[in-house]
Amino acid sequence: MEHLDSRKQSLSNPNLAEGQSLLGNDPHKLQGYVNRLLDVRIQKWVMFSTVWNEVIDHVSRRVCAFSLHTRLVQAYSISLQFREEDLISNLERDYMKFSRFDGFSQAIYLPVFQTAGVVEESLALLERPGDDDEHASDDTLFAPICNHVTMRTAVSEVWELGCYVLLKLLGPVHNDDAVYIMNYVLKWVESGTVCDHVKITQMRGVVQSLIQLVGVLSKGVSRRKPAASRRSTGKPKARKEPSGPPARGIRRAISANSLASAEALESTRPALAEDVVIIDALRDSTRDKFRALINSIKGMMNASNPESKDVMDRLTFALSMENGFFWDDAYASDALDDFARSGIVKSVLTKLKGLVACHPDEVEPKSKEARRRLTFFVNSLFMDMPNAPSIHDMFSWNVLTPYYKESVTLSKGELETRKDALGVSTMLYLQTLFKADWANFLERLGLQDEEKVWNKKYAAETRQWASIRAQTLNRTVSGMMYYEKALRLLANMERLDEDTTNDLMGEKFGYIVSCQVYGQQKKDQDPKAEDIENLMHRFPHMRVAYIDSVRDIRSGQMAFYSCLVKSHSNEIQEVYRVRLPCNPILGEGKPENQNHAMIFSRGEFVQTIDMNQDGYFEEALKMRNALQEFAKRDGPMPITILGLREHIFTGSVSSLANYMALQETSFVTLGQRVLTKPLCIRLHYGHPDVFDKLFFITRGGISKSSKGINLSEDIFAGYNNAIRGGQVAFKEYIQVGKGRDVGMSQIYQFEAKLSQGAGEQSLSRDVYRMCHRLDFSRLLSYYFGGIGHYFSNVLTVLTVYVVIYLMAILALYDLEKIGDRLITPMGTVQMLLGGLGLLQTIPLFSTLGVERGWWASFRELVQIFATGGPLHFMFHIQTKANYMTQTILVGGAKYRPTGRGFVTQHTPMDEQYRFFASSHLYLGVEMGALLIIMGIYTEAGQYFGRTWSLWLASLSFLASPFWFNPLTFDWNIVTADYAKWFAWMTAKSGGATRSWSVWWNEENGFYKKMPMRSKLWFVIKSTLFLCIAEGVARSSLLEADMTINKPMIPVSFVVAAIVVFFVLWWLLSMVEHLMPYPVRRTIGIVIGIGLMTTITTIFIEDSNCIRYGLAAYYAIGAMCQLGLLAGSKFVKTFYFVHDLVCGHIIFIPLFLLAILQIPHHIQTWLLYQNALSSDVVVSNILRYARKSQESGGTTAPNEDLVEQISELRKLLYKQEQMIESMGGGSSLGLNRSNASTDAITKLIGQQSQEPMQIQPNVYARQTMTGPVGMGGRTYSASTLDVWGDMAMGDDAQSGYQVTPLQVPSHSSTGARDFTFTQPTDMPPR
């Protein structure tokens, strides 16, 4: 008994128990405690606990990589960072956090997502069938649990936290009994006699009852509003204290009917009126669940054992105490109020619920991005990573980001304005694409109404939320400044004071954003300059470099300065101003922007980060380790460039974005890995590489800026490095986010820029010098990983061109035979060989399988093929080939800004035609025509087997621009596109975007500038045209005998009429500017009808004219090609006809598919399939866009109307609350009309096409079936059964209510006179 009495306070004060066991009078125990503190493992956990406190306080984040153990512990401290980025909800954050409770026995409790489901596994182990379950000992039964670290930890946490919750809930009245029972259990555990006192098979019922109790408490306490004052004295009733566990019999319970108990109840009852009833639904529900738990514990006890019998008696006594939790309403409500007031209780409940009630799948973060980042981080800790030195001894580095005029922070106008024809705002797009993140954002701000996000209090947060999900400077700066946050945490772990830490921040890290035109933006009062300044105020260690120009008053010349500014005391202060000899912008601008800011860097290394990149806090912690790679020397040359892995964060936007993400994954992961080892030829391909600054500033810098030749400025740093003896390393244990182009036109311009850059590289002296210095093996490797890729694309398209013309000419001239024997084609073998191309997907499949899982990898590849991925990649083979060839033959490489916005709108047909006609559409039509001609004339057989790949190439060139364009197959869109395209074709003035004539002049202006040797390639093409024309003309296709079937109208007359109409058309074009529009329009229609009639007539009268017309088409094409090379303007008319033909070849299938309507829905789903798979319903955007378009909502919403709608909503809500509060009140007279509100209601009804009805009605009398008076059921004005829900413990009624115990009075009138009907759908905002 002394043993039990000595533990009475051990559970109510866990620290006391540990203190007595460790710091007692025994000096050996004190020495043992000191040894434990000195233990390395304890030190690591203490270190992490400090880190976690910093995480909780929002100061900094995570611990450094001192060892593998501490690396693993770091993984969990990312959770709060994820919460700040709204990747996870508050509940998910609590599940991912390590828990610390002051005064508890353990310093740190494992995260819920690691221990969830472990208790269930332990129960399953206890319930497994054994050989001798009845006589099993504790050692045998509990051995699997004790040997499993996680199980043992989870069970001990459940015991400690559960005891804490039950003791807090029962309060002082039951404390002695509860402690006594718990000490009994501890005694059984220590003595190994649990099986003798407890029925192990009944343990699951106890756990289930505990789960229900914890569920009710965790849900109700978080919503409970505690009373201002206590309603019970808290003094326990006088009762006889048990002297010890009785040997037999049952304890005498105090009778509720006895006089003594009545007197005791009277003396301890709070000073409340006897007729007051405390209504508390949470209390009643908790009591029910608690009683069930106690009954489950009683059922688990072995009644034949005296100690177990005593436990059962004490439990029975606790249930019968009138002044205890189960019968004293005021006492129980006060106990729950204490729960609600205590923050630690809520945390303990969350932790306990996760331990016993949550499945592992429920506690893992739902965000795919959060899971990806956490998975990569934990996996990277097992990679080969150098040990990090102390903060004082680590390398220093600067981050450099070039910026021109891109978006800094998205403004409200940019987010809310509906710029495109579909009426989809950027904010709506982001809310739909990041639906879960938006919900987490509202939860973090504590907002229930989305309309309040633009209040003055939350507007900055809303802009920030949207900006870090777009490709903005704000996102890049926020990500890169995690480096400073990580260094501060590492300094804190090394116990450095604040002043030393601040000094080290400026010494070890710096961030320079080279905003080239910031000075001009400041002068022009551009809002972007203000946004840049806000970033500097937010991150004081951020610096902005820019080029300033000042006109000298005396000489009148411009003086240029390289300036550096910073934020100091919330003001922008200039730090340096360096005069430059001239305007530094000589080329495209980006290289000079980087070079002029290089002088302001103070670190030993420079990391170049582009404007479309992002950083992650968990990766920033490993940067100190990554810099140590420069201290290693793997080969004969020092490491001068360190390449890092990139993650494309735009892959979930659409199928096109997913293709680009996978393409980048293939290159930046597989390609660069192989190029580094074993090929040893990896160069600098762009950001986010880290440079040895001293090596590069003494050897030409990190960028070359000559216009044209250095279009791809990044690669020349790699050339310079290879020529001058540097070595490149590539490490994959750290990653940086990167955005890519997400639209068809953006991707097209990006590929065109890279191809033209590769063409210029092949002509540069850098490549010439490097290739003369490389050994043969590395030279081949360079070709494989460099410009050889683009040459391969050129050769691929050239091969297709040669093959298709060769097959057509052989068929036309009947040369598909050797002598008299026809050639036997191997079409089936060709198809099999084509299928072998799928083997090229194996490396990507393997990489995705390792990173995402094999099933996910297989599904990804299937989705690529199903959504048209092969068409996309074949299309861009021609893109690369076209611009690579054009650059080498003609030159004219230029920087093409691709834009980094979201592509939510449909691109009109005229714009698509301008983009892709010269590079793809002409070639696609040409290939299709040749394949048709070949199919007509060939006699060799196996046509499909020989031409399927060529048809696929032709289809990809023609269909890809439209398949990957949203809403291409919508009938209204197709008709509108056709009207725009035809208007563009027939327009005579304006820019290239308004007139085909101007566009044609710009598109073909380079031909006359070409050197003669380049023109020879086009002369060969003209020769091929003439060969096709000759072959068609001398063939027997549609040959007719004119001597037998004489035409009704002489052919010569029809030909003459056609010539006359063409002459009239030419004359009309000469004088149309002098004619009125009706006359010009009428004459044009007459001439057009005449041409169509005469051409149709000649084809009907003489079928030979069809063959001759086809031959003439090719012959005219050959002449026009030669005329184009000579600079003749006469060929422009024939090219106009050719574009009309090509355009209608494309539009006819579009019209047919639009009529079917089904292709439209299939295309929409497949195009956004990747986003849909990420729990994003993009169809909501398109549906809203269509509704907006139908209602003419292509501009920003009417602000007055939106405000009126908002006020009306508030008015209706107040009226509804008034109705509910009055209950049985009299009629409010809603039958009367109001002109102003009726007008607004009508306006809303027109917008939403669902009229809002506020109409008189009556409550159905028959719904109130209960008798009026005492004992009847009480209903609110909304016919809700109030008392019934309270009695059932409704969560909404978790608070208490003090109501006088009196008979309610019911009015016989009022609730029958009206009803209020609220609209189900509100109009779109």
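Residue numbers in this text run from 1 along the chain shown.
Note that Cβ sites are derived from N, Cα and C of the backbone, with glycine treated the same way.
Here the structure is a predicted model, which means the values were calculated and not measured.
Here TrEMBL flags 1-23 (among others) as region 'Disordered'.
For 222-250 (among others), the entry in TrEMBL reads region 'Disordered'.
The annotation compositional bias 'Basic residues' is assigned in TrEMBL to 222-238.
Within the domain 'Glycosyl transferase 48' (365-451), the DSSP-based counts of helix, strand and coil residues read 39 helix, 7 strand, 41 coil. Taken from TrEMBL, the feature domain 'Glycosyl transferase 48' applies to 365-451 (among others).
The domain 'Glycosyl transferase 48' annotation in TrEMBL covers 455-999 (among others). Taken together, the residues of the domain 'Glycosyl transferase 48' (455-999) have an average pLDDT of 88.
Taken from TrEMBL, the feature transmembrane segment applies to 790-813 (among others).
The transmembrane segment annotation in TrEMBL covers 915-937 (among others). Counting residues 6+ beyond its ends, the transmembrane segment (915-937) has Cβ neighbours under 8 Å at 745, 748, 800, 804-805, 807-808, 811-812, 814, 875, 878-879, 882-883, 943, 947, 950-951, 953-958, 960-961, 1003-1004, 1028, 1031-1032, 1035, 1037, 1139, 1141-1142, 1145-1146 in the same chain.
Among the features that TrEMBL reports, transmembrane segment is placed at 943-964 (among others).
Summarising the annotation, TrEMBL assigns transmembrane segment to 1016-1037 (among others).
According to TrEMBL, the transmembrane segment annotation covers 1049-1071 (among others).
Taken from TrEMBL, the feature transmembrane segment covers 1083-1100 (among others).
Among the features that TrEMBL reports, transmembrane segment is placed at 1106-1127 (among others). Away from its own ends, the transmembrane segment (1106-1127) comes close to residues 1004, 1007-1008, 1010, 1015, 1018-1019, 1021-1023, 1025-1026, 1028-1030, 1032-1033, 1035, 1037-1039, 1099, 1134-1135, 1138 of its chain (Cβ-Cβ under 8 Å, at least six residues beyond either end).
Taken from TrEMBL, the feature transmembrane segment applies to 1134-1156 (among others).
Per TrEMBL, the feature region 'Disordered' maps to 1297-1325 (among others).
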When counting Cβ pairs under 8 Å to the transmembrane segment (1134-1156), the leader among 943-964, 1016-1037, 1049-1071, 1083-1100: 943-964
Surrounding residues of the transmembrane segment (1016-1037) on its own chain - C-beta under 8 Å, 6+ positions past either end: 805, 808-809, 812-813, 889, 930, 933, 936-937, 1007, 1106-1108, 1110-1115, 1117-1119, 1121-1122, 1124-1125
For the transmembrane segment (1049-1071), distant same-chain residues with Cβ under 8 A (at least six beyond the ends): 1080, 1083-1084, 1087, 1090-1091, 1094-1095, 1097-1098, 1101-1102, 1105, 1133
